[in-house]
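Structure record follows, encoded as structure tokens.
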Amino acid sequence: MYYGLDIGGTKIELAIFDTQLALQDKWRLSTPGQDYSAFMATLAEQIEKADQQCGERGTVGIALPGVVKADGTVISSNVPCLNQRRVAHDLAQLLNRTVAIGNDCRCFALSEAVLGVGRGYSRVLGMILGTGTGGGLCIDGKLYLGANRLAGEFGHQGVSANVACRHQLPLYVCGCGLEGCAETYVSGTGLGRLYQDIAGQTADTFAWLNALRCNDPLAIKTFDTYMDILGSLMASLVLAMDPDIIVLGGGLSEVEEILAALPQATKAHLFDGVTLPQFKLADFGSASGVRGAALLGHGLDAGISYEA
């Protein structure tokens with residue numbers, strides 16, 4: 001059996017897959033994000049529970065928020081206790097088995113490239129538009145991670161100067177410590193903040209969407225601004241990576257208005273003659289991360305380092 005664990009800021013999901021990568025069972029529990037010892041004990045306990053249920057020792061793959069460096073050290077995670085820790089190495093010592101680990105957005109991309117809507121395409125770019133923004137690039141079914149495992153952290157690219165000037169955008173401070181990261185505008189949190197600044201009132205993404213569908217002028221202005229920012233980011237990714245397909249996940253990807261406007265918004269920032277990639281919704285949605293983690297444990301992606 002193959003186990004995938006998707007670690008979030010508030011929850012941990014463990015899923016069990018058979019040898020054909022068909023889902024057999026899954027469950028969730030709270031993330032003990034402040035105490036590393038409690039976190040590791042929780043993971044070990046849940047994996048042993050899965051072993052007992054399956055009657056065998058399954059392979060283990062972990063998807064988590066943050067950058068996993070080449071030596072397995074986790075940095076820039078929103079789960080505080082994981083930063084500067086070698087999670088896979090430490091868990092492997094507890095379990096006495098190999099543990100694979102990767103960034104959750106990269107696992108999303110891998111899942112969709114190998115098993116999902118990106119299957120059959122050579123160059124698959126996965127992109128999450130949710131609480132945060134990030135993704136991953138798969139080439140012929142393998143993750144491209146880069147020299148420092150940073151490939152896919154495009155949420156921390158700066159917003160282009162022409163877009164910032166055109167809309168007189170405020171410089172939002174990102175959780176990474178920088179200002180003006182694309183994530184601070186195109187994530188769900190960023191869109192809500194953008195609407196608050198334009199409308200001059202406290203509101204969230206849900207309030208914005210309701211107002212947009214009622215043809216509120218300020219909501220429409222927010223939408224146009226948002227699509228210009230997102231289109232510029234997408235165009236930069238098209239120029240840098242030239243994917244066959246861009247697979248979208250996260251809550252904002254399910255907003256019909258955004259998905260419908262995205263190709264034209266991207267094209268507006270590209271020179272004439274450029275062929276756009278296909279834009280498609282993920283097949284597995286929020287389950288892509290845990291499925292991608294199982295793929296790491298399965299050993300189908302040789303680009304990930306394993307800790308034994």
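Cβ coordinates are placed from backbone N, Cα and C, and glycine is handled just like the others.
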Out of His89, His156, which one does Swiss-Prot list together with Cys174, Cys176, Cys181 for Zn(2+)?
His156
Other than His156, Cys174, Cys176, Cys181, which residues of the chain come within 8 Å of the Zn(2+) site, judged by Cβ distance to the Cβ centroid of those residues?
Gly155, Gly175, Gly177, Leu178, Ala182, Glu183, Thr184
May I ask which residues of the same chain, at least 6 positions away in sequence, place their Cβ under 8 angstroms from the Cβ of Gly132 (ATP binding site)?
Pro65, Asn78, Gly155, Glu183, Ser187, Thr189
Tell me the Cβ contacts of Gly136 (ATP binding site) under 8 Å, same chain only and six or more apart in sequence, or just say none.
Asn103, Cys105, Arg106, Cys107, Phe108, Ala109, Leu110, Leu125, Gly126, Leu143, Tyr144, Ala151, Gly152
Reduced DSSP assignment, His156 (Zn(2+) binding site):
helix
